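Annotated features in Swiss-Prot:
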SIGNAL    1-25  signal peptide
DISULFID  Cys36-Cys77  disulfide bond
DISULFID  Cys45-Cys65  disulfide bond
DISULFID  Cys50-Cys71  disulfide bond
DISULFID  Cys54-Cys73  disulfide bond
Amino acid sequence: MMKKLIQLSFTVMIIFTILVLGVVANEGLGKPKKQCNEILKQSNCVAAECDSMCVKKRGKGAGYCSPSKKCYCYYHCP
């Protein structure tokens, strides 16, 4: 009788652990955040300067110079 109780308790504990890990992993993934962008400079883009302006303005943004030499700042929408 005691052996079956320990086995049942162990099984319940394993199932509970798997469920908790699944919920935690799902929360970590979350929904992908929407990406926004804005033009910071219309011409003569310099990559380092563009990235610096973007980080200064948006915090976790990333600056990118387009082939037409515009400076775009990409960031997660608020």
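Each residue's number is its place along the chain shown, starting with 1.
Using N, Cα and C of the backbone, Cβ positions are placed for all residues, glycine too.
Considering only the disulfide-bonded residues Cys36, Cys45, Cys54, Cys71, the Cβ with the fewest other Cβ atoms within 10 Å is that of Cys36.
The disulfide-bonded residues near Cys73 (disulfide bond), taking a 10 angstroms Cα-Cα threshold over the set Cys36, Cys45, Cys50, Cys65, are Cys36, Cys50, Cys65. Closest in space to Cys54 (disulfide bond), of the disulfide-bonded residues given as Cys36, Cys45, Cys71, Cys77, is Cys71, taking the CA atom of each residue. Scoring each of the disulfide-bonded residues (Cys50, Cys65, Cys77) by how many neighbouring Cβ atoms lie within 10 Å, the top position goes to Cys50. The disulfide-bonded residues close to Cys65 (disulfide bond), defined as a CA atom within 10 A of its CA, are Cys50 out of Cys36, Cys50, Cys77.
Cys71 (disulfide bond) carries a strand DSSP state (E or B). Across the fold, the C-alpha of Cys45 (disulfide bond) and the C-alpha of Cys71 (disulfide bond) stand 5 Å from each other.
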